[in-house]
């Protein structure tokens, strides 16, 4: 009996210990979860949850700091960048002459500006970004698809942008320490990575990570600095090329080689729209910070086409002149300035010029990575898990994925993968068409903002179990005509039977946007979604729990939650029990 009691007591103690350990682990896990929750503003009227955090709510008036000149600064970064410099290589590959390529760039830049206005309207009017806007088109759960798609593409492109930034940093260091450019490589040849490039990438990352901590409402000055530095680099290289080649170079005067200039021009314009497609789709991520009506519009209509066109023209002229001087066509300005230092045997004068030029290259890679990747992709990541991820944390996740993708390997060997990533433009075009049709044509700018943060059947954007089948139909309709051409492009197939499909693929942005736009408008006309015409502002669940049925907002925050009004001062927006707008009363 005593032995049995002892065994029973031992077993009981073991069970008790296991329960204590389990309880302690549970407590620690809960503590970690609480610590991992993203910060909430003091006296905030929202709570972090499945659909909401500080970066996803409509931007309140005190955080709307972007004016007309701020948006000019945005486009000087987005339009004046290394990619805009190299766009001429794509246009000349279509068989266009340099002069025809310039015409394409001008027309494409103007259309890019118009598209940016259309895509950014909801941000300026309702202060919501693409991540949240996807919910009214795709459904609360269905919105994860476009958000994941954009986050993946953004992370991959960031990896490549970071590698180019690292190479620019390597050239900068090489201008200071000439031996750095030829230092011993400790990496295997199969890695397609050199030691000096790796050091450049690490230093570039060290500069980029702190930039992620700057909130979007305070990025105007860094963007302005970046533009001044990159513009100085472009002007310096233009002077060097034209002065030494005694003009724009012989390549600039070559005639067109395409059998059809019209098709070549259409291909070129579509390529330009596709190149800035992800940026225009994400316009609402930035226009929601506007401090006054139409503040972004002037920059979108003027700065966008001017910066894109001027940078591309300079790129074409400098590349043509450098070809006469160096005997090689180098579209990437990073490689060009490195070659210039080699050509002049690292003379003091050459090193000074290369140093200042490379500073501009490093700066523009930092800025463009924030504009087109960090903020938008960070917001997409936040949309996937708002309780634990905000824009800053999402940017860090993106940076980690971008580095782990080993962009040096992708750029050196994975031509098919790069074609696939580039081919994601067919998806961006369809996403753009769906959003534009739904917002401008179907809903006429009227949104029930509160329902965009409600993940249950009570939301008019819940549709069928959280999915809007209409968007799926429109998306497939816009994508499938382009798939045969994408596959042929990836595998370099030139079969005559695929000629027309390849033509369609070369018109990706025109075709994808137009077909998805028409499909979405048609399907919604035949089977209209519920809640059309309804509008209401954002009222958090915390406010509803406190019995709040009205909110005080600024004069720019009325229709559909954050729309326009001719009233000055502060007004009270009164709500019905279901959250619909009852009326507006002037208070101050």
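Cβ atoms here come from the backbone N, Cα and C positions, even for glycine.
What TrEMBL says about a protein is an automatic prediction, not a curated fact.
For the ranges 444-464, 507-527, 528-548, the feature annotated in TrEMBL as transmembrane segment maps to 507-527. Within its own chain, the transmembrane segment (467-487) is flanked in space by residues 137-139, 141-142, 423, 426-427, 429-431, 433-434, 437-438, 461, 493, 498, 501-506, 508, 511-513, 515-517, 519-520, 523-524, 527, 529, which lie at least six positions past its ends and keep a Cβ under 8 Å from the stretch.
Against the transmembrane segment (144-164), the recorded stretches 72-94, 354-376, 388-411 differ in Cβ pairs under 8 Å, and the greatest number is found for 388-411. Spatially, the transmembrane segment (301-322) is not adjacent to the transmembrane segment (388-411); fewer than three Cβ-Cβ distances between them are under 8 Å for residues at least 6 apart in sequence.
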